[in-house]
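**Q** Before I ask anything, here is the structure I am working with.
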């Protein structure tokens, strides 16, 4: 709404809204049970850290939408080159989020469930109440896992204990379902997704999209810095008695911060505008999504409760 009132650009919302709805629907697919945090994690700094970091990521998402619109409009869809390839890859990744929603909902309708006993990182066997529960067919099995539910598909692969097998399995099903959805759209439209969206950008000003993307990073970067780094370290000191522990979530928050710092440096000192700036905005948000989805789902760490 703020962007619309400032720039009177409805198309920006047209691109940003589906992405936001996909992420909201993605989040809604996870269990809704509320488990209380351990006492050491209970602090008002947790709410401050999470809220501010999420606000920063939301503002940076606007730069992604502006960058994506810029690329859709400026890319010549009559040619097959690296730019059309990577733009189409971005579209595929977004469709994979929709694929997760479709797969999760489909197996949920049939109440699919399979239990596994497994060996954790401490060498302890987990079974009974501590068994791993899958709600999708297990392509990926847990470390030294044994199926406890009769008549279910056996895993094709097993992963080490430090990888969350259930969530990695979910990621694989998301990719598989997303690729099927992408193929169906391509068959129906008989053109690239980028070419399908290009008419929506017909009357847009590229310079305006470039400005919106840049200003969004200018605003979102300091907000993200406060939430994902400074407030996060204060909370970490309270919860774990140390500001930094090289947890995967912390490392990727730092990678995200360094990337956007490089974005602003290249923009201000090297004059990276237009397509270069648009690609940086898209890549930056891809790093954010990797941190939110892949790191949260696949890699076990201090933030696994999230």
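Cβ coordinates are placed from backbone N, Cα and C, and glycine is handled just like the others.
As listed in TrEMBL for this protein:
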DOMAIN    174-303  domain 'Cytochrome c assembly protein'
TRANSMEM  51-72  transmembrane segment
TRANSMEM  84-103  transmembrane segment
TRANSMEM  171-189  transmembrane segment
TRANSMEM  217-238  transmembrane segment
TRANSMEM  250-266  transmembrane segment
TRANSMEM  278-302  transmembrane segment
**Q** Under 8 Å between C-beta atoms and at least six residues away from its ends: which parts of the chain pack against the transmembrane segment (217-238)?
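**A** Hits for the transmembrane segment (217-238): 43, 45-46, 48-60, 62-63, 244-245, 250, 253-254, 256-257, 260-261, 263-264, 267, 281, 284.
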**Q** Over the domain 'Cytochrome c assembly protein' (174-303), what does the predicted model average in pLDDT?
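**A** Here the mean pLDDT over the domain 'Cytochrome c assembly protein' (174-303) amounts to 87.
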